[in-house]
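J.: I have a structure I would like to understand better, so I am pasting it below and will then ask my questions one at a time.
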Amino acid sequence: MDLDAITKYSALHAKPVGLTLQYGTAGFRTKAEHLDHVMFRMGLLAVLRSKQTKSTIGVMVTASHNPEEDNGVKLVDPLGEMLAPSWEEHATCLANAEEQDVQRVLLGISEKAVVDLQQDAFVVIGRDTRPSSEKLAQSVIDGITVLGGQFHDYGLVTTPQLHYMVYCRNTHGQYGKATTEGYYQKLSKAFVELTKQAFCGGGEDRPLKVDCANGIGALKLREMENYFSQGLSVQLFNVGTTGKLNHLCGADFVKSHQKPPQGMEMKSNERCCSFDGDADRIVYYYYDTDGHFHLIDGDKIAALISSFLKELLLEIGESLNIGVIQTAYANGSSTRYLEEVMKVPVHCTKTGVKHLHHKAQEFDIGVYFEANGHGTVLFSKAAEMKIKQLAKESEDKKRKAAKMLENIIDLFNQAAGDAISDMLVVEAVLALKGLTVQQWDALYTDLPNRQLKVKVADRQVISTTDAERQAVTPPGLQEAVNGLVKKYKLSRAFVRPSGTEDIVRVYAEADSQESADSLAHEVSLAVFQLAGGVGESPQPNF
């Protein structure tokens with residue numbers, strides 16, 4: 001480790017005075033102009049992680065669904081998964097070190113993590129389409145090279161594509177070719193195989209309108225279109241030629257505003273979907289014949305996919321266990337549908353992809369989608385081997401179902417969420433089951449709900465248990481919530497502290513929008529009174 005060179009280069013990427021950042025589920029994320037030092041240091045950290053794991057590590061420069069002026073960075077571990085929690089702590093420590101302490105912190109991480117500094121290191125880099133991303137990716141490269149690491153810059157890729165590249169390289173090509181072409185080939189081959197039966201009669205292509213959030217998804221879907229020989233016809237909107245990234249468009253906008261993105265013409269009953277800026281989440285929607293907007297969020301995507309998987313498992317007759325993982329924000333109707341109608345077990349975890357992902361790994365097949373459309377399906381290695389064996393050896397009916405499951409395994413790559421692969425699986429299931437977007441939406445009816453925020457002096461006065469559904473402190477708060485919930489039909493409510501600011505998030509649902517709004521308001525008043533609310537008392541403003 002050439003400490004003098006590190007000190008010299010680090011000075012060229014100096015940390016702004018007083019800036020403190022935390023590595024979270026989404027890595028680091030803030031205004032792009034504050035991130036130069038973080039990028040350089042994450043290049044350093046990626047080299048140490050690569051040396052320690054003797055594997056290729058990924059660095060993705062993106063701020064996902066955030067506004068265009070923001071940026072961020074996250075590291076990808078050897079099997080395409082999120083960075084290990086102990087290394088999240090190292091990342092936070094290194095990013096926040098003062099200039100004179102960078103050497104000491106680096107050496108401290110090397111010792112604590114038992115890094116062999118003589119080991120070779122290899123890092124792959126990707127970036128989204130933000131104006132700031134290219135320069136910030138260069139800062140990552142500076143960090144990699146000063147520590148003697150080798151790198152490959154993939155340039156513009158979706159976040160899930162970078163996860164795919166890391167996994168391919170660390171399985172030495174067994175999982176697929178570590179190129180964008182390899183990614184397209186793997187996914188399109190699985191999609192075409194899976195939908196063969198649905199499209200074998202020829203017929204017209206199923207049209208789908210895709211809002212690309214003025215992001216990287218537009219470039220990659222355009223490249224991928226040529227790989228589909230039949231079945232799916234995508235029409236792209238918000239492709240980045242005009243308009244800002246994620247501005248008045250994209251999955252997050254559609255989900256939070258419950259309305260279509262700007263820049264997309266929609267006729268009644270047309271199937272439409274939106275990606276976010278780095279193409280790792282997706283939501284569907286349509287207008288009905290009366291002109292009402294219908295959102296089909298991550299809960300309904302999970303319901304569609306898990307019910308199809310359950311049918312295939314019944315066909316192959318294997319006792320593989322399937323579980324759907326939700327957070328407290330999942331609509332109560334989706335939980336009831338899965339448990340009571342589909343007979344699929346549902347488990348609730350704390351909010352955050354890493355909690356969902358971890359729980360999903362406990363099943364042969366774990367399905368998780370946050371309501372915001374971020375999610376995937378995980379197959380255990382044992383389940384994967386069993387399915388591939390059945391696809392080769394069993395009699396016709398079983399083999400056909402096993403082959404379909406095998407194609408679904410190939411469609412879900414290693415990332416925690418991939419809008420392109422999620423879209424292909426949804427389109428395949430709808431085609432195979434002959435479902436329209438309205439029929440899919442009618443699987444169950446969402447309970448009306450409302451989310452509110454309450455400003456408090458110190459969010460840490462609230463602690464929770466039972467996957468954030470029950471407040472433990474302050475005393476009396478949960479009892480107050482329970483009392484309010486009893487006043488309304490089909491109702492529930494919970495409160496949880498924000499992970500980043502001194503606010504408390506309130507969620508309520510009930511049998512009507514009026515009741516959900518009223519319950520949310522009453523719960524927010526209880527939070528304000530019992531948890532140290534600041535400023536003006538919450539007002540009903542619906």
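Even glycines carry a Cβ here, placed using N, Cα and C.
Annotations in TrEMBL come from automatic prediction, not curation.
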J.: From 156-183, 184-211, 380-407, which range did TrEMBL mark with coiled coil?
T.: 380-407
J.: Where the record says Glu370, Ala371, Asn372, Arg496, Pro497, Ser498, Gly499, Thr500, Arg505 bind substrate, what is the longest distance in Å from one Cα to another among those residues?
T.: 20
J.: With Asp280 (Mg(2+) binding site) as the reference Cα, tell me which of the recorded positions Ser64, Glu370, Asn372, Gly499, Arg505 is the closest one.
T.: Ser64
J.: May I ask whether the domain 'Phosphoacetylglucosamine mutase AMG1' (297-434) has at least three C-beta pairs under 8 Å with the domain 'Alpha-D-phosphohexomutase alpha/beta/alpha' (114-167), counting pairs 6 or more apart in sequence?
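T.: Counting Cβ pairs under 8 Å (6 or more apart in sequence), the domain 'Alpha-D-phosphohexomutase alpha/beta/alpha' (114-167) reaches the domain 'Phosphoacetylglucosamine mutase AMG1' (297-434), since there are 3 or more.
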J.: Please give the average pLDDT for the domain 'Alpha-D-phosphohexomutase alpha/beta/alpha' (114-167) in this predicted model.
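T.: In the predicted model, the domain 'Alpha-D-phosphohexomutase alpha/beta/alpha' (114-167) has a mean pLDDT of 97.
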J.: Return only the integer: C-alpha distance in Å from Asp278 (Mg(2+) binding site) to Glu370 (substrate binding site).
T.: 17
